[in-house]
């Protein structure tokens, strides 16, 4: 079969070992004669799958016992509504930090349900940095403080966890969850769409501190009430069983790699390879993001001469380096190098980048 | 590998041919070197997958061009909220027919958002029949009329499509969609969780008449607005791509079987085998549902002597006849025989039922 390196921002590359195991077990999971897709979500086989997935995730992230792990549907977009519906009243103030595309969508939805205070924004320099926390204008009694720890499109990543004091800290961690150790106890709620570092799209993870449950507004759709989902142990209705199964295999793969501390080292190495190639290109390639805030997951860069964009992408494709085109809203290039991207894949890309630059430079 | 017959009510058995194709393509879809799970939902490969899935579904169901096909998340439960939020105002009256477990949950959620009129109910005889339409108390200016065409738990199926006049007719078709031809033009909206006759759980299908779009209440979460989903062509956010891919293969499989008219004949044959076995058992087995309303998809039955239930289930399991236990809310047995269940599987079950009855009778 074709060996490709897939730099898609999401849905994204999955560990090869996981895909091979899914393939091997597809028509007969553990001698049951059934595909996981065919199993009742209340049967003993799937119960084992979801319990193991949760236990492995708790181990990987060190999730304290006063946090619930929820396997939900709907992607981060559903969380954008679920959050204010559960944790704010219409006249409450909610604090948001605006660092790019995903922050902006979250803010737009929150404005429909509460008073949004923009505690900080990097829009003044086209979302190329994370504002210094010292200058944030936080609301003392905000219902919560929300930020996006990694902006997938801009390639901007927080190098710190904000200090929200007694205000619940909420994080959209969709595109850098499980890429490094994180102190979960600092958060009220963490959420993440699965399709970057966790598994297939259609699954959304939420990690909620228990004291935040049970606060949903009366008009909240039942399925959007965190307490309903927590009380039902993610089985209030039929969950995306196959996606949970694949996510569980990814968690086991991560444990086998040495956990998030080990994967972080590899992520640092991969990101360094790319940013060094860009910075050493003498302006042939350019990364618009401040050095301290450059994402380890999504490396956004432009070509100094954008008339070479198409040739760059064509040459990449000829080498099976796929999905490198930047998001339509910002242009340029973007290499997403989530946990499952190998160092070998990144080296293939940086080799190509250097060769392309010297052939055109 | 083990050959089993899986009578789960959902997630349920999938066509063997589909699973084998999924397995074969898992790590390399059509020579791309990628698993479908790894593809951008906006790339040309997945665009082809979702367009073919929609086109095949339109052909299978004869969906008129003034209906949108939406690939959503959240299961029927989300539709229970989405429906009144989109199609009713708080002081509107909405008509519901109550024929069992799923009707009741839909009604409970609708009561939070509008005035519910129970147009008809079969609760008086423990949901063992469909009320005669002549006696329904419909509201002349109802915002819509809702019914569940097949009650998965009770095993009760509508043998007719209700006449709602000018009121939009809404149907929860989760457990009998694609099991027989249906005149879509009689409906305002049809919805169905995928995990019975369509594909993996985590995908929900909605077929909406275009004039019903754009009516969502101001407080509706963006993702629960049918118009937003329709305008985004099911790609407003990242959809459950792998589930859509598998559903698309199921649609192609159905077309290869001769479409819904051909599959209906097989479904009639399978249901007849089971009900005849029950009725010919001299009371050893009993089906509580009125003959005219017995489901072709979910055959609910009890043993005359319920102290034999465990022995029946153990004997079945020894023959690899799986997941026959009735829902915890009603007890007894239930054989779900969706499109993907083979006649061979049903014969294996009826053979066993006869032998068990004669060994104990």
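Cβ atoms here come from the backbone N, Cα and C positions, even for glycine.
What TrEMBL records for B:42 is L-glutamate binding site. The pyridoxal 5'-phosphate binding site annotation in TrEMBL covers B:102, B:152, B:172, B:195, B:237, B:238. If you look up TrEMBL, you'll see B:4-349 marked as domain 'Aminotransferase class V'. Annotation source TrEMBL lists N6-(pyridoxal phosphate)lysine at B:196.
All features noted in TrEMBL, drawn onto the structure.
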{"residue": "B:42", "record": "L-glutamate binding site", "Cβ within 10 Å": "14"}
{"residue": "B:102", "record": "pyridoxal 5'-phosphate binding site", "Cβ within 10 Å": "21"}
{"residue": "B:152", "record": "pyridoxal 5'-phosphate binding site", "Cβ within 10 Å": "28"}
{"residue": "B:172", "record": "pyridoxal 5'-phosphate binding site", "Cβ within 10 Å": "27"}
{"residue": "B:195", "record": "pyridoxal 5'-phosphate binding site", "Cβ within 10 Å": "32"}
{"residue": "B:196", "record": "N6-(pyridoxal phosphate)lysine", "Cβ within 10 Å": "30"}
{"residue": "B:237", "record": "pyridoxal 5'-phosphate binding site", "Cβ within 10 Å": "21"}
{"residue": "B:238", "record": "pyridoxal 5'-phosphate binding site", "Cβ within 10 Å": "25"}
Of B:152, B:195, B:196, B:237, B:238, the recorded positions whose C-beta sits under 8 angstroms from some chain A C-beta are B:195, B:237, B:238
What's the CA to CA span in angstrom from residue B:102 (pyridoxal 5'-phosphate binding site) over to residue B:42 (L-glutamate binding site)?
35
By the DSSP assignment reduced to helix, strand and coil, which category contains residue B:196 (N6-(pyridoxal phosphate)lysine)?
coil
Please average pLDDT over the domain 'Aminotransferase class V' (B:4-349) for the predicted structure.
97
Binding-site residues B:152, B:172, B:237 vs residue B:196 (N6-(pyridoxal phosphate)lysine), shortest C-alpha separation belongs to B:152
For the C-alpha pair, I'd like the distance in angstrom between residue B:195 (pyridoxal 5'-phosphate binding site) and residue B:42 (L-glutamate binding site), rounded off.
25
